[in-house]
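What follows is a short report on a single structure.
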Amino acid sequence: MLGLLRRLFDNNEREIARYYKQVVEPVNRLEAEVEKLPDLAAAYRELKEKHEKGASLDELLPMAFALTRESAKRYLGMRHFDVQLIGGAVLHEGKIAEMKTGEGKTLVATLAVALNALTGKGVHVVTVNDYLARRDAEWMGPVYRGLGLSVGVIQHASTPAERRKAYLADVTYVTNSELGFDYLRDNMAISPDQLVLRHDHPLHYAIIDEVDSILIDEARTPLIISGPAEKATDLYYKMAEIAKKLERGLPAEPGVRKEPTGDYTVEEKNRSVHLTLQGIAKAEKLLGIEGLFSPENMELAHMLIQAIRAKELYHRDRDYIVQDGQVIIVDEFTGRLMPGRRYGEGLHQAIEAKEGVRIERENQTLATITYQNFFRLYEKRAGMTGTAKTEEKEFQEIYGMDVVVVPTNRPVIRKDFPDVVYRTEKGKFYAVVEEIAEKYERGQPVLVGTISIEKSERLSQMLKEPRLYLPRLEMRLELFKKASQKQQGPEWERLRKLLERPAQLKDEDLAPFEGLIPPKGNLRTAWEGLKRAVHTLAVLRQGIPHQVLNAKHHAREAEIVAQAGRSKTVTIATNMAGRGTDIKLGGNPEYLAAALLEKEGFDRYEWKVELFIKKMVAGKEEEARALAQELGIREELLERIREIREECKQDEERVRALGGLFIIGTERHESRRIDNQLRGRAGRQGDPGGSRFYVSFDDDLMRLFASDRVIAMLDRMGFDDSEPIEHPMVTRSIERAQKRVEDRNFAIRKQLLQFDDVLSRQREVIYAQRRLILLGKDEEVKEAAIGMVEETVASLAENFLNPEVHPEDWDLEGLKATLLDTAPQLQDFPFAELRALKAEEAVERLVEAALKAYEAREAELSPPLMRAVERFVILNVVDNAWKEHLHNLDVLRQGIFLRGYGQKDPFQEYKIEATRLFNEMVAFIKSEVAKFLFRLKVEAEPVRPVREAPYVPVPEAKPEPSEVFGVERKRATPPPQPGLSRAERRRLMRQEKKRKK
């Protein structure tokens, strides 16, 4: 194991050495030359011309990086460190740069962005929320504009026109969800002017910030665009009432109980519930039905299961909050609200019923994609985060991305203390309060990380209300009494009398009795515990001011995080991933100065205002004063910013002397990465700091995944909450539990990807063909329409014209009725004459007649109008069929695992069934399009002709598992070949005829 770790780190060190030689040294050599350039944009244009003439990006990297570094120096007052140049090169190579908090990932991205923007194909910088997208675009904008590059930013409220403009910019800052939804919406567009992504190279190069959060934590969350489904919602209220009446039982367990008890059992690990036979009978009685799981009642059974899941597995202020009468999901990884996101399969409606709020109509999926498959569509992708190395295997296996750990600019000196483990959650929280009180009294800033809104508010309440701590004092007192019961004498009697009123105890009351207590042993331990409890209560009574940062209090997020490093500051926050603001010791003078100027009416994000603030904070007052005059900033504001700077500087020295920011984790997360993200908030850029996690065996991680043997051992040994549990077995149990969950979640994500890959291949085929119809030339649209008519007519005819059956026995009346249902224009066709032909010839004759009827229909409407009708019809039919197909796949997937009981591989079965469903959908699309094109009535003001879009090459999708619209993109025409589809053969024949004419 050690050898493997050594090899991993050796590989990383070799990579870093390579970057120093190939990137850092050449860029540094160019620095003096670039500093003298009067026009950086002109120099950047020269690089662009070189690239257009054939120079590779790798060849242009040193000069592009040097220009970007100089632009940052001139317009932001920031210079890329050497290690940041390495980070930029890692991103350019399509890898993941692991960079610790405070190492300047935002600035690093500008290097790879500027280099890859030379292609003119657009670069997307992907962030986790709107605030970071806007902040980074405005903050780094001057660097790009200094090089002559345009910058776009997309927000949730951006209009289609604003989105289109932003995506056409050289650099686009956008959140992962907005980007994914724009892709899905583009593939639902019915005219080219509805598209917002670029027509050519819509997904060229993406740099994903917090890449582990997006590609791993959110990998299981599909992006879904949905429309209302036809389903009664009042039933959910009834199911919520029935769920309340059902009682939770215990599952069957070998050697304990043969049968499950109660009405249902719960599997928290898998977030699933199972009705017992008793529960099924009770539910049937309450519903007034028989056979809850019979086909006609399956919908009711599904709704009841979701109601029980909502009751047992989804908790208010942990998984969701209720705000303004709406159930809003809380992101389990970032602690942020996700308005607009809804749980699927009726679960959201079940939660709404449980909470008694208005139930929104259930939705049907119109388009969907997972982040896993969406980001794999990019020609090149890269990522950056503070924590990725632990997940390198997953990044390599699923995304083909290596992780490079970029060295810090200064060594990390943060002290990470061992975990403190308690038997119960109550004991753990008392210990956390004691630690906070101790650090607060010293003046050391504390950041407390919790995993849910509920826990953050509970801890806040304990700090606000000293009475909630009294049980801890009483427990400590009982332990001391027990340890000292054999002690005799007048002094002991005085002490016992004093201890009769514990709530009134003060530190000074206990001080005179210090000499009574021996220096070592149980009595000393109990005495120290009592003293600590008395002192903590005294500090709580004086008050511990603190800030709570969770999804309910997100409005002041940046301000709270920016000032979390000030002395005597206590901040309680839910998961810290993607908070985007550095915690600076002594407070953030730049943020305070920006807030001051904003209050005075200045735009804090305007680059000259930002530059002024940076110069002032850095003490470069002469340069700052020149900018102040230009911006109209008054002298008294300069004086106030100077005071802010000095206050923060003095406080920083005070905090450094106290040991820096101290991190308290109140629970181990399922993933070590999330724990490391919290730890990483302290010790930025070589600052001092410390961290410690408090764990209890009531925590979800330990309760669900820790070894039963360890818990049984603790029960036998009679551990209580007076002292933490220190045992190597416990420490190993925590590590194993996290590893077990990480492995399980990786397996789930791999399985999700395996199943989603089947859908992904089908989606690529449909979307590529759909894009061909939307953006292709008129002749290509006509070719597709004719191909569908041919396939449909031929397929219908072959059902009746069996070559194995004598022509006299063919059901021509049935054939006629079927064909006229699709193409009424064939009314006058001489069907009786078909008996004189062979089956194949008869089919060809019918196809030719249908094509003549189609040509006549085109002449009747005019070619431009016919093309517009074809586009409209094909796109609408495809969208409706695809919507239904997604629903069918969803139903298939829900039940496919039952086939495992029949000794069949569920995935292989899913693949076979999904392919069959896809082929059926394709046949349906062709049939419906043909029917619509023949039968559609066009009124006086019909469909407005769509102006033919400029020809855009669409990457050819492999027609798997079936050729979709009967045609492929036009190529040089070879003579007809055997083995081609009928549509392809006829297309080639038509092109051959045209060529001869």
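Every residue number used here counts from 1 along the chain in the order it is shown.
Backbone N, Cα and C atoms are what each Cβ position is placed from, and that goes for glycine too.
Worth saying up front: this structure is predicted, and the values here are computed from it rather than measured.
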Swiss-Prot ATP site partner of Gln84, Gly102, Glu103, Gly104, Lys105, Thr106, selected from Asp507, Asp509, Asp582, Asp603: Asp582
Among Gln84, Gly102, Glu103, Gly104, Lys105, Thr106, Asp582, the record's ATP binders - longest CA distance, Å: 17
Neighbour-count leader, CB within 10 A, binding-site residues: Glu103, Asp582: Glu103
Other CB atoms, at most 10 A from the CB of Gln84 (ATP binding site): 27
Gly102 (ATP binding site) - helix vs strand vs coil (DSSP): coil
Cβ contacts of Gly104 (ATP binding site) (under 8 Å, same chain, 6 or more positions away): Met78, His80, Phe81, Gln84
Cβ neighbour count (within 10 Å, all chains shown) around Lys105 (ATP binding site): 24
